[in-house]
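Swiss-Prot lists these features:
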REPEAT    245-283  repeat 'HEAT 1'
REPEAT    389-427  repeat 'HEAT 2'
REPEAT    428-464  repeat 'HEAT 3'
REPEAT    584-621  repeat 'HEAT 4'
REPEAT    659-695  repeat 'HEAT 5'
REGION    686-705  region 'Disordered'
COMPBIAS  690-705  compositional bias 'Basic and acidic residues'
REGION    887-912  region 'Disordered'
REPEAT    1058-1095  repeat 'HEAT 6'
REPEAT    1189-1228  repeat 'HEAT 7'
REPEAT    1265-1302  repeat 'HEAT 8'
REPEAT    1309-1347  repeat 'HEAT 9'
REPEAT    1398-1437  repeat 'HEAT 10'
REPEAT    1678-1715  repeat 'HEAT 11'
REPEAT    1769-1806  repeat 'HEAT 12'
Amino acid sequence: MASSLAAQLAQIAATSTHQLDLKAQRAAHSQSLIFEKKIAGSQDFDTIFQVCHEGFQELCSLDSRFLSFRRNIFSDQSKTEDRGQMTTSQNKELDSVLEDFLSLVGARLLLTPAVKAVDWLIRRFRVHEYNTSFLLLTFLPYHTTPLFLNFLSILPEDLTQTFKVFLPYKRSMTLPPRQVIVQSASTNKSFFSALNNYVLQVSKSQAHYQGLVSFWAGITTEALANMLDSAKSGRMEIETRNKEDVLIRILPVLNDAFMLRKAPQLVVGCYMLCVVLANKASLEDHVLDNLMEAVTGSWTQTNFVSGITCLSVLSQQKHEKSLPSKVVKAVLRLDNVIEVFEELSGRYAVTGLIIGLIRSCVQENGKRSDPARIPFVGQLIQRAILSDSETIEALTILLQAFSDLQRQGLVADGMGKQLSDLLLQFNESDTLAPLLRKAIENAGVDITQLEMTLETVLQADIMPMEIEDADLLDFISSSQTQDAFAVALEPLSQAAITESSFLAPGSSLLFDQLAEAFIHGASTKDRVSRFIKLPVLRPDKPLDDPLYLSFFIRFFSGPYPVTARTVAISIVSSCITAMADKSADMQGILPYIISALADPSERVRREAAALLSLIDRLASKCKDNDDSNAQIWGRGCLYGQNERSESVQFLPMKDIYKIIHHALMPALEEYVLDPDQVGRTLTQVIRGPRSQDDSDRTRSESTGVEFKKPLRRDLFLFLCSHASKTALYTVKLRLLKFLNKVGKIGSLNCTEALRQVFDQWRLLSLEHLQRIEDGERISTNELEDQVLSIIYPKDMDAVDLLFSSLTSNSRSNRESFLTAGFNRLKEVWPSLEETHELSLANRLLQISLSLENGKLAGAAKGLLRSVDLSGPVILEFLNKISASVPDLGSRGPPSKKRRTSQNNMVPMSSMDKETDSVLQKMTFILELIDSSHSENHPELISGLFQTLTIIHHLKLQTRSEMSYLLSLNLGILLSIVNKWKGMPTRKINTSSIRADLIIDCVRTSESPQVQNTALLLVAGLATVAPELVLHSVMPIFTFMGSSVLRKDDEYSALVIDQTIDQVVPPLVQSLRNQKRDVVSGTSELLLSFTTAFEHIPSYRRLRLFEALITKLGPEDFLFAVFAMFANRYSMDKDVLATMTALASDCNAELQLITYARYLNLVKDTLQPKPTLAKTLLGVGSEDGRDPQKIAVDLLQALSHLLKFTSLRTKMSECFDSGTEQQVDKAHGLFSTILEQTLALSESVRTVKPVNSACGETLGTLLGTLSLVDFVDTIEVLLQRPSDDLRRKVIKLLENRLDSSNDRDKASQARVLSFLTVLINILETSPDILLKHAAVACIEKIGEKYGKKDPSQVLAAAKVISGEHCLGQPDRRIRVMGLLCLASMSEILGEGIIPTLPEALPRAIDLLRDTLAASDDDSQLHDAVYSLISALLIHVPWMISGEYLDNILQLSFISSNTDLAEGSDENRLEALQLLAKRVDVKEAFAGVERNWDSAVTQGSRAVQEALDVVRTAIEKHAKSATVKNVSVLMKLLCKAFDLRRLQLSPLNDGGFDEAEVDEIESRANDVAVRMIYKLNDTVFRPLFIDLTAWAVSGLGKKDTTGRVARLTTFYRFLESFFGTLKSIVTGYSSYIIESAVEVLKFSRCNDKATKTLWLAVLRMLRNSFGHDQDEFWQSPTHLASISEPLIKQLSMATNSPTLDLVAAEAIPTIVELAVAADSPDNHKELNTVIMKFMRAGHGNARGADNPYTRLAAVKCEQQLTERLGEEWLALLPEMLPYISELLEDDDENVEREVRRWVLSIEDILGEKLDDMLT
C-alpha cells in the first residue's frame, strides 16, 4: 500500500505544473529560442507577443496560408491563454492548431521570422513540453544547424523512450550526427513510427517540403536496410518472423504514402523503400505484385520515371516473371514510355521489367486483349533496347504465345492476327530474322505448322535428317562434314577384318574408326548407305556373322550422339526386316534392346520400341519352329570366339515369343515415355504376381500374363548371363538395376546368378574404373552400388561373401569398394536372422577393436554405430565387458609410494595400456548400447550395474573422473527405467539394482551431466521401486542443495522437477507408514532446499518451491519452509518475495493454519528445551543461533507475510461468500492466532527486540481486518491500561489510514466517530507520547475523511488549539498540534475561523518564545510558519492589523536568528504568501509601519521586507499599486535614506556599505516594478517630488547627508534610465541642474564624493545611451551638461585617476557625442576637449599635467573609433594639436597619439603625414 501511495505521489509530482513553485515557473518562462534565459525570464507576454507577432506578420506576407492563425494562436487573446487552466478537450483542440502551424512553418525554420513565430508557441503555449514529439520532429531535418542546438537547450529532461537518443546531445549541447538518427530509427520502433507518422501527417496537410522529404527518405531507407540486415538469422523460421515484423512496420507507411499523389517527392521516397525491400526482404511474388500495383497507382507525370526504375528492381526479384494486369495497363497509359525505357536502359537493369511486360502483354485472351499491347511489344523489341540473348528470349515468348493461339484457333483475328503480322515483320528484318530463327529453336514450336500459318518461310533449308543433339551438330558443318566423312571412310574401305564381334571385351581400334566415320555420315542417307556397304563390316552375312549387327548394337548402346544412335537402331531394324523370311532367332539382341528402352533419350527409346516390335513379329513367325534346327544369331560368338560366348544362356523361341509378346509389348508406349518402365515391367514379370505389392500389381495388370516359375527362372538366368558377359558397362548397369530388384526366384538368388559380375568388379583397379567412366560416360559409383546390390541379404553365404571380400584382403581393396561394401552391409542388416546378426556383430566388434587396419576398423565401427542392434547382440556385447576384466575387483588404487616411485614405471605403464584397452572397449560397447534402443531391453540392467561397479573400480585405480562412461551407463539405465515407468505391467528383476552405486555417483562425481543423470535415475527408481532407494535418499538432497539447485540450465531444472515429483511423495508416505513425524523426518531435505535458495536462479525459485511444497503437503510443511527461510535469510527481500508468493497461492484457511503452526514454532524456539525448533532451526545446538534473534527474524517475516499476502482479500471472500462452517473455522483460526500473538507478546515483555517484533506482528495481523473491524478492535485495545500498547495501536490505525483507500460510507462514518475517543485521550491522558500519537491520528483522520463531516474535525481542532495540546509545555505535542491545525485549515477552509482566537495568539506567542530562547528550536519555528502559511492560503483576510504586525516583526527577528536553512525557506515562503494573499493595502501599510523594526534586525530583514513589497506589486493589479502609491513612495524614501542613516559616522552599529548597496539594488528593483504599473500622469509628480526630496530635502550644511542621499538617488536613476530606456529620457530635464552641480563638486579622488561621482556619470551614460527622442541634441540641454562633463578629463592627474576617468568619464563623453549627433554639436564638444590637449589651458593645473593630455587623447581616440568619419570631419581643427602632441615631452602621450593617428588612417584610408607637415 505504501509503495502504491508513493508511486501515485511521484506520478502527481511528475505531472505537476508547479503553480506555487515560483522558481520553477520562472525557469519555464525563460525557455526561448531567440532570447537568453536571463532576458527571457524578465519579459512579460506583451513584450514577447510584440516581437513574435512581427515574425508572424512576415510569414503571412510570404505564405497566405498562415493568415488563418491570426484568429487563434496569434490573436490578442492568446496572450492570456494558459494551458494549465484549459480542459482536456480544449488542449486537444489547441494541439491540433499548433501541429498545423508547425507543419506549415517547418519549411521556413531557417528564416528569422519563422523562428520568432515558433518562439511564441514555446513561450505562451509551451509546445516544447506539451507537444514535444511534434516539435522535435519539425526541427529534426535541421539537426546539423546551430538552430537545433538552441532547440535542444529548451527540450525537457524527461524525454520519452521515443526520443531518448537526443538526451546525451542535449546535456553536452552538441549536434547529433546523422548516423545516430539512423541507428535510432533502426532499433527504436517508437521513434521509427513517430517519424513516419509525422511525415505522413505533414504531407496530408500539403505542408511537406523538399528538405523534409529528402531527410525522411534518406533516414528511413538506411534504417530499413539496417533492420532487414539485423533480421537475418541462422534459423530460417526466426529470420522469416523477423522480416515479417519489419514488413508489418513499413508496409502501412507505404500504403498511406502512396495515396498522397499530391506529394510526388514523398512518393519517390517510397520508391526508394520499395527498392530496399525488394533487394533485402526476399518477398514473395504476391507481395511484389502488390507493391508494383501500388507504385503504378501512385505515380504522376512528374515522377513516373522514378516509378519505372522502382518497377525494374521489383520485377528482377520475382520468380514468376509476368506482371499484374494493373501494372501493364498503367505502363501502357504513359506518354513516351518507350523513350523512357531507352534512356533508363543505359543506367539501370530494366530488362526484367521489359521481358515481364512482353510476357504479360501476350498472356491475355486473344478476344479480350487490348489492341495497343502488341504494337507496344513490337516497338520494345525493334528499338534495340534488349541485347541479342534478351531479344531471343522475348521472341521465344511471342512464339509460344502464338503457338498457344494456334491450338485454340484464335490466329485469324485479334491478338493472333497482330502477332502473325508482327512475326512476319520481324522475319523480314535483317537484324531480327536470325534472332527469330534461334528463338524458333528455343521455343520448340512446330516450324512447319508455323510456316503454314504465317504463309512464309522462316528458316533456310537444313539437312535432310532432323538433328537434335548438340554433339552431332559439331560434326556436320556443311562442307567440313563432307570432308571429314570422306577422310574417315577412305582407310576403312581397305581395312582388314580383325574382329569377330564388336561386343567382345577389350578395346577395338577398328570400332573407334568405324564409329567416327558413322558419326560424320549419319546425317544423310547417302552417307549412311555408303557406310553400311563397307566390306569390313561384312554386310552380306548379317545373320551368320555377328560383326555387322554387333557394331550397331555397341554403337547405339554407347555414349554417342542421339541422332547417330537412332540411325544405328534403324539400320538394325532394316537388317532384321530384310531377314524376316529366314526365320532367324534374334534373342541375342534382346538385352541390348531392353538397355536401349532404358536410355535417357526419347528418340532412342522410340526407335528401340520399333525394333522390339520387329523382333516380336519375327518371333511370332518362328515360335513354332523346331529349336534344334533354328539358327540363333550370335550363338557361340556373340562376345567373341571364347568361353564367354559359349556360356551365354539362350531360351527356346517360344519362350522368347511369350516374353516379348505377352510381357514386353503391352507396355511398349510406356517405355517410350518413361525410361524406368521397362525395368519395372521385367522385375514384375520375373518375380511373379505373388511377390508384388499393390502398386506393382496395378502396374503389371497391363501385361495380362503370369509366367510359370521355370520360365521366369530361365528369363532371369538369360538376362543375368548377358549382364555377366557383356563388356558394355552401360548395358550392364541398366540390366543390374532391375535384376537386383528381383532378388530371388525359387531357390535361385541374384548373388548366385550374378556372382561372376561381383567377382570381376571387386578385382578392378582404379585406373580401369576411370577408363570405364571416361569411355562410357557413366557413374562408376552408381555402377559399384548396383554391383554390391547383387548381395542377397537373406542369404548368409552371400553376406559372408561380401564380408570376406571386405576383410580377407582388406589392404588391397579399393577405398570406394570398402565404403560401398559396408554401406551394403548396413542395408542388408535388418534382413539378417538373429544368429547371423550375432555372428556378424561379434566379428565386426573384433575388427573394430583391432589396431591392425585403421580403415577397416573405422568402417566396422561406423557400421555398428549405424545399424539397429538387437537385444541379444547388445547383451552379448555388455557381457564382454565383465568378461574382459575379471580381476579388476582385486586391484586397488596404487599406493602413493608406488605411484611416485621411478622403479615402478614399467609395471604401471603396462597396467595403463591394459586399462586403456578395457576403457576403449567399454566406451565403444556402451555407446553402441546407448544408440540401439536400449530402453526396450530390461535384461541389460544386471550387466549395466556390473559395468557400473567396474567403472567405480577403474575410477579408484586410475584416479580419473570417468564422467563420460558414467554418464553413458547411467543414461542407459535411465532410459530403461523411464520405459519401465510407462509400462507398469512390465516385470523387471530388481534384485540386481544397486542404489548405493547411483548415490555414490551423485556424491563423488564432479560432472553435472553425471550428477543430473544419476538424480533422474534415482527419481525414476523411487517411482517404480521405492523400497530400493528411500533408505539412502537423504544424501541426494544434501548434494542437490550444494550443486544441482544452483545450476542455471533447463536440464538441471528438469532433473530437480523429476526428483521432487518422484522421490518426495514416496519418501513422505514411507515416513507416515513408519508413524514418524514427517516434518522432522524430512528436515534434512528442507534444509538442503532452503540453504540452496540464494544460489537457485531467481526465475526458478518460486516454481521449484511450489512444486516441493505441493508434493510434501502444504498443511504439514509450509510453516516449516517459512520458518527455515526466516531463520536463515531473515528479511532478505528475494526470500520474502518468494514466501509471499507461496502464501498467496493458498486459500485463507490454509494460510491461517500455516501461521498458527508457525507461531507455535516461534513459541517453541523460546522454550528452555525446544523440540521441533531444535530439529528445524537448530535451536539449542552447539552451533545454533541465539533463540531470541531467531524469534525476532521469524516474527518479522510473519509480519511481512501478513502485510503483503492475499490473506485479507481471501478472508473477506470467505466471510462474504463462504459457508457457515468455513466462516466459523476462519474465525476460530484467526482467534487462535490472535491469542497466540497476544500471549507471546505478554511472555516476552521484558525482551525488548522480541516484544517489538510481536507488536509489529500484532499490527500487521490486525491489518488483515476490514477498516470497520479494525477500528472496533482498536477501541477494545485502547481500554487496556498499557500506554505503550495504546500508543502502538493508535499508530497502527494511523498507518492503516495512511495506506487505506476505503471510501465506503460505513468505513468513513466509523473512523470519524473514533475522533471522540482520540479527543478524550487528549483531554484525559497524562501521557504526552500518547497525546502525540492521538494528534497524529486526528490529523490523518481529518486528512482522509474530514471533509465528509467538518463539524467533528472542528471539535478536534478546538481541543488541539486549547490547553490540552498547544497549551502543554512539551515541545513535541506543540509541534504536532500546530502541524495538525495547519492540515485542518486545508480541510475546513473558512471553518477553521472559530479556532483562531485561541490558536493564533498561542502560535504567535510560541514563535516569540522560540525566537527569544537561546536554544535552536527549528521544528516549532517551522510548525508555526506552516500554520501561518495555511491560514494565509485559506483565510488570508484574518491576517491583518496586529496579527500582521506580529508576523512581520517576528519574521524580521527570525531572519536575524541563526536557524537551519529549511527554517529560512519556511519563513520566506510564508512572507511570499503574505505578499500574494493579504490585501495589498494592508501589506504595504504593514511593511511601512514595521520598517524600523526591520532595520533594527539587520540588512537581511530589510531585504525580506522589500521582497514582500516587490511580490505584492507583481501579483496584484495595476490599480492596487496606483491606489497605494503614496504608501509605496513613503516606503521607498525610507529605503533610499538608508545610506545616509546607516553609513553616517554617528551610527556605529549600522550596515556596512555592501549591505547598503544590496538593499538599494532591491529598492531600485521595487521602484522600477512600481513604475511599470504607473502611467506618466501619476508618476511624473512623484518623480518631481522624489527629485526635490533628494536634491533639496536636507539643509546645505548637512553636506555628508546630502551626498549620501544624492548617491542613492543617482544609483536609482541609473537603474531607472537603464531599465526604462528611451521611454523616460525626457525625465532627464529634472536632474540636469543637480547633475551639473554634482559634477562640479564631486571628485573621483575624494573618498567622500567618489561614489556620488560614479553614480552621476553612470546615470548620465544610461540617459545618453538610450536617447531616441533627440533630447540631448537640444543646444540648451547639451550646453548645460557638456562642459562640466568634459572638464572631468582634468581630474586625470595621476595613474589611478587616469584609469577612473578612462573607465567612467570618457565612455560617458562618447555616449553624449553619439546622442548629440550633429556637426555643430560635435564641433562644440571637440573644442572643449582640445583645450585639455595643449598645455596652459584648463583649470589651475590645466593641461600642463601629462595625464590630463593623455586622458584627452584617449577621449578623442574613442570618439574617433565610435563615430568614425562623422567625427573626423573635425580633423582640420585637430591636426595642429596632433602635430604638437606628436612632439610631446611625455612618452605615454606621444605613444597614445600615434595610436590615435593609426586609427584615423585606418578609417580614412590614407596617411596623415602630408597633413601634419
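Count begins at 1; order follows the chain as displayed.
Cβ atoms here come from the backbone N, Cα and C positions, even for glycine.
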Same chain, outside the repeat 'HEAT 12' (1769-1806) by at least 6, Cβ under 8 Å from its Cβ: which residues?
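Those are 1719, 1722-1723, 1726-1727, 1730, 1733-1734, 1746, 1749-1750, 1753-1754, 1756-1757, 1760-1761, 1812, in sequence order.
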When DSSP states are grouped into helix, strand and coil, how many residues of the repeat 'HEAT 11' (1678-1715) land in each?
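Helix, strand and coil residues of the repeat 'HEAT 11' (1678-1715) number 35 helix, 0 strand, 3 coil.
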Sort out the residues at least 6 away from either end of the repeat 'HEAT 11' (1678-1715), same chain, that have Cβ-Cβ distances under 8 Å to it, and list them.
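Same-chain contacts beyond the flanks: 1632-1633, 1635-1636, 1639-1640, 1643-1645, 1653-1654, 1657-1658, 1660-1661, 1664-1665, 1667, 1671-1672, 1721-1722, 1724-1725, 1728-1729, 1732, 1738-1739, 1741-1743, 1745, 1747-1748, 1750-1752, 1754-1755, 1758-1759, 1762-1763, 1767.
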Work out, from DSSP, the number of helix, strand and coil residues along the repeat 'HEAT 1' (245-283).
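Counts, helix then strand then coil: 31 helix, 0 strand, 8 coil.
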To what whole number does the mean pLDDT across the repeat 'HEAT 9' (1309-1347) round?
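Mean pLDDT for the repeat 'HEAT 9' (1309-1347): 86.
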Based on DSSP, tally up the residues of the repeat 'HEAT 4' (584-621) by helix, strand and coil.
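Counting residues by DSSP class gives 31 helix, 1 strand, 6 coil.
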Taking helix as H, G and I and strand as E and B in DSSP, count the residues of the repeat 'HEAT 2' (389-427) in helix, strand and coil.
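Helix (H, G, I), strand (E, B), coil: 34 helix, 0 strand, 5 coil.
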